Each structure stands twice: as C-alpha cells, then as structure tokens.
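Positions annotated as transmembrane segment by TrEMBL: A:21-44, A:64-82, A:94-111, A:117-140, A:152-169, A:189-214, A:235-258, A:278-307, A:319-342.
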Amino acid sequence: MGKLIVSPRLAAPPRLAAFTMLGGLGAGMLISAIFLLTQGLGLSDLASQFLGYTFTDPAGLDQTLTRAIPLTLVGLSVAVCLRVKFWNIGVEGQLWAGALAATTVPLYHIGPEPVHLWIMALAAMLGGGAWCGVCALARLKLRANEVVTTLLMNYVAYMLAQQLLYGAWRNPEDSFPVSRAFSPDETLALLGFGHVHAGIFFALAAALFCWWLCSLSRVGYMARAVAANPLAARAVGVPAAAVVLLMATLGGALSGLAGFTIVCGEEHKLTQFIGNDYIFPSIVIAYLARTSPLGVVVAAVAVAALYTAGDSLKAFYQLPGATVLTIQAILLLCVCCGEFLLRYRMDWVKTVKVRA
Amino acid sequence: MIATLLAAWAATIPAFAAPFLLATVGLIINERAGVMNLGAEGIMAIAAVVSVLISLDGGGVGVALLGGVAAGLVLTAVFAVLAVLLRVDQVLAGLVTFALGIGISGYVGDGYDNQTIPGLSALPTSLFGWMPKTLAGVLDQDVLTYVAFGIAVLVWYIIEHTDLGLRLRAVGEDAPAADAAGVNVALYRLGAVLAGGVLCAVAGAHLSLVGSHLWVDGMVAGRGWIAVAMVTLARWNALRAIAAALLFGAIQALVPQLLSSGLNVPVYFIEMSPYLATLAYLLLAGMFANGADAQPVDLGRPYLREERR
C-alpha cells in the first residue's frame, strides 16, 4: 500500500506551463467536439462551422470581429483587475454604467457637438470606472468582499437602465423602450467591412495600453508585488491600496468603454439588452489569456468565433443557444484541471512496514 | 382596496421567499466551512429542469424533487472536486459550475419549454378555515415552503449549537488550526459543499414545482446570484437568512402586484431596492464592525497541509 502526497511546486517549469495549458485546451476541445458529435453533427460540419465559417467566410468573420470588440474590452477589464487579485465579476454592470454615461451626452447635449463622440468615450470610462472603483474602495476601506459588491452593482446598473428606458429616456417618437437614435457624429464609423466599426481601434489601443501598463510601467511592477504578497509589498513602501484602486478603476473604465463601443458602434442608441451575458465570457477570456493583455485579444477573438459558430449551429442545426456557454464551461473546466498539475506535484509514497 | 391588495401580497411572499431561503441557507453552510460557491444559479437551473422533465414523464412530485436534487448533487460534485480537491480558485470553480449548469439545463430542457406540470399545490384551504382570512392566506402554503423554513432553523441549530457545527465553523475560520486539532478539513469542506448543493437544488426544484409549474430557459433569473449576496445580508447566520429571504421575497412578490394594479410607480427602482439595501448593509457592517465582521476568515482560501501558513 501507499499514499498519495500532493505538494505545491515552488516554481513551475515554463515548458510544463505551456503543456498543461495546451493539454487543457485540447482536452476541452475534444470533449466539446464529442459532445457536439453526439448531437448529430458530422466531423466535416464541425470543421466547416468552427474554422471555415467563423474565419474565412466574410459574413462570419464580420460577426466574429464585431463581437470581439466588446469581448476584448471586458476581458481586459477582468484581466487588469486580476493583476491585483481583484475579482471583477461585475463587468455587465460597468458596461451598463458606461453605456448610460455615454448616452447622457447626446440626450442632454453635453459639450460641443463635433467632439461628442470623444466626450461619450470619456463619460463611458468615467461611468464604468466609478462603478468598479467604488467596489475597490469598499474592499480597501470597509473589507467588503468585491465578489459580492461587483455582483450587486450589476443589478443596480441594469435596473437603473431599465427604469430610464421605460421612463425619462423612452423614445418620444414611437414609445419603444429605447433611447432616441444618436446622430451620425455620435456614432463610430464603419470600416467598410460589414458591421466592423472604429471601436476595434479603441479595443486594440486599450490592449496595447494595458500591456504597457502591466509589463513595462512602474504601476504594473508594483501590481505584481501587491498580487504576490500585499503585506510584503506595503512593508517595502509600495502604495498597495492605491495600486489596487487604480487597477480596479481602470478595469471598470475598460468595461465602460465596452458599453460605449456597443451603443455607439453597433446599436447607435441605448437599447434594453446590450449588457447581457458578458460575465462568464469575460472571465473565460481573461483566464485563458492568463491575464496577459495581448493574450486577451487572441482569446476574445477565439471566444467571439465560438459565438459566431454557435449562432450558425443554432440556425442550421437547431442546437439550443446554450451550446456556446456549455463549450466555454467545458474549456475552462479542462484548463483549470490542467492548472492543478502545474501548481502541484503528486507523489505516490510507498508505506514501508517496519518490523517491531 | 388597499387592504385586499396587501393581503394578496402577503399571501404570495412565503412562496417567493422559500427558494431564496433554501439557496441562501445552502450557501451559508458552504461559506461557514470556508468555501464560496458561485455556482448556485447553475445548480438551481439544473434541478429545476430535471424536476420538470421527470414530472412531464409522469413522475410524482416526490420523485421529481429527488431527481432534481440528484442532478444538482452531480453538478455540485463537479464544483467540490474543483474547489476542494483540485484547489482551483473558488470564484473560478463556482463560475464554471454556474456556466455548466445553465448550459446543460438549456440543453436538456430544449423542446420542453412552457409545458405545464401539475407541480405541488398549497395545502387544502379547509385546514385554515378557522383563522382570520389574511393569516390563513399567509399560512396556506405548500409543504416544500414549510420545509424550507424548517430547514433554515435546523441548519442554524446545527451550525451554532452542535459539535458538528463547531468543527464546521473551525474549518471555515482557521483551517490550519482545525487540521491541527484533528478535524479532516477536506472531508468537512466536501460535506459542506455537497449539503449546500442539495439545498440549492431543492431551491431550484421549488422554483419549477411550486413557483412556475413549468420550465423556461433562464427561469432561475439570477436568484442564485442573489442568494450569494443574501449570505452577506444574513451575516452568515441561517436564522437571519429567514429575514433576508422575506425581504427579497416581499419585493419580488410586490412587483407583479404593482404591475397588475396599474399604479404608476417606478417598478425598477423598487426592484433595485433590495440590492441597494444589501450593499448599504455590507458597507455599514464594514464601518461599524470594529474588525469583528461576520465573514469566515478562511473564506475562499484553499487548504493544503503542505502549504500551511
């Protein structure tokens, strides 16, 4: 007989890190593929839906890229917050707050008309940043668990938006619960490829900025210290609280910006359901990217492609809408399991009988 | 007119509050052992859909409830393996559980939407005939709702007043110390997670068997997440969870009454109020607790003897 001993690795070998990540992803994809095969899809269908349609077909690629814009921003939001071990599961609320703040600009004619778009972007970042910053402040000053506060703030923002859409902001022309349409000056330009709009530059610029911030700047360095050991960081003079507050506020601002790209780039007005179903994808994207900002862009495009494929599976194979969520869950599950092998080592220790 | 409206409102509160209460008490068991399960929403969804499927297949209410609980338990086991055995970050493990539950329930329930089942109805009105009408309305609930309130009291007693509860709390407050005192941390956490999952599953079954009598995709509608927040509002105490559940249940029961009454009131602001109240409560507790807040100290910290602090 023997005994299984699980012990943490002091340092994870980089080759093993890559191997567990790829292994986890591969296993996840394999399970997802088997799952879809049992649903009556053929192998060739899978290949054509997931690789062909999403990336090579213009309509599919259009959908993928358009969806990747807000997904990149919310993914960055979670990733930046995770850099200081701050769980941001409130990206939907921050996205709503950003969209609401952006919408106030055209509705109440704030600032000069020609620069409305820029004011809207700024307002969205302020709105989203405040929505998350408050939660960071509550954690730092009052030890309120950020998982719960960011979660609750989702509902507050959503209810606020619905109240406005059914009340003061309701479209005066047809009484639908949407705001009045924005003027062309207040929308993001289309880039001549389907629905892809200038928000893509915002998303890419945000990713580059976050990469600079996390990898090259002093703040990113301090963030790493705070994440590794807040007490030690404070002891050597890192302003730990300020760093957490800054990163969390930035994270909120990024989600707010995602709201801005949706109302200004896709909807061209505030509508009722813009902020639905972003929480889990944002976590998946940030985690698969291992919180690396440039990795987030790749992961966001991949998850967006998953949604594109999901839509067409729904249309052509009558698969339920839950397909995409299930696949994301399976992928994350497998990567999490792979992570265990990376962080811990397991040894089988034989118990030796000692004769008295 | 106002009196009848209030009476009608009061009569619907317990059935609205019961799923919140069951899920919150389940999560309290989890969190007192140091495990935060964000997957409640998914567990509730899977239990709700399986109960409906069994009912549609001709199963009785009891069988449907058991089936729902079994399905919820399987999903909880996934969370338990991730969070307790593999020591994956609990937030992450919970979110995976949430997505798996919602995703799979969408799958198995596909095509069975909106098919009504007999479900569980309230106790016969004749039992309450001798009471004042309003009181009879409030007390005339189904068995499962009564069970929910009974379970809350039972769990409170077990956690606060038995040796089992003491060990459970020790695991949640200071896992290394509990381990040193001879408590099997992983075993207690596993047990707490599974017990909590059972209660979340009963909450989900309550939603479909008592509440809606049918399955619709997305019918849990955030109640599992609300339960996560309600744990803080109840300050990790199963008795206070009754008050918290009644608050949320009362507001949720108020909304349809207001909508049908045709009064012009800001419905969404009213719906928002319990969330704001929870936030305010959380902040006030932080301001006045003087370092003695109720959150279990080891909440969210995976424990491994080899990693002792």
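Please read every residue number as a count from 1 along the shown chain.
Quick reminder: no glycine exception, Cβ is built from N, Cα and C everywhere.
Predicted automatically and left uncurated, TrEMBL annotations should be read as such.
Two recorded stretches are said to be in contact when at least 3 C-beta pairs lie under 8 angstroms, sequence spacing 6 or more; the transmembrane segment (A:152-169) and the transmembrane segment (A:21-44) fall short of this definition. Relative to the transmembrane segment (A:319-342), the listed stretch A:21-44 leads the set A:21-44, A:117-140, A:189-214, A:235-258, A:278-307 in CB pairs under 8 A. Between the transmembrane segment (A:235-258) and the stretches A:117-140, A:189-214, A:278-307, it is A:117-140 that has the most C-beta pairs under 8 angstroms. Most Cβ pairs under 8 A with the transmembrane segment (A:189-214) among the ranges A:21-44, A:64-82, A:117-140 are made by A:64-82. Tertiary proximity for the transmembrane segment (A:94-111) is limited to same-chain residues at least six positions away from its ends with a CB under 8 Å from its CB atoms, namely 70, 74, 77, 88, 119-121, 123-132, 153-154, 157-158, 160-161, 164, 169, 179-180, 182-183, 186, 251-253, 255-260, 262-264, 269-270, 274-275, 278.
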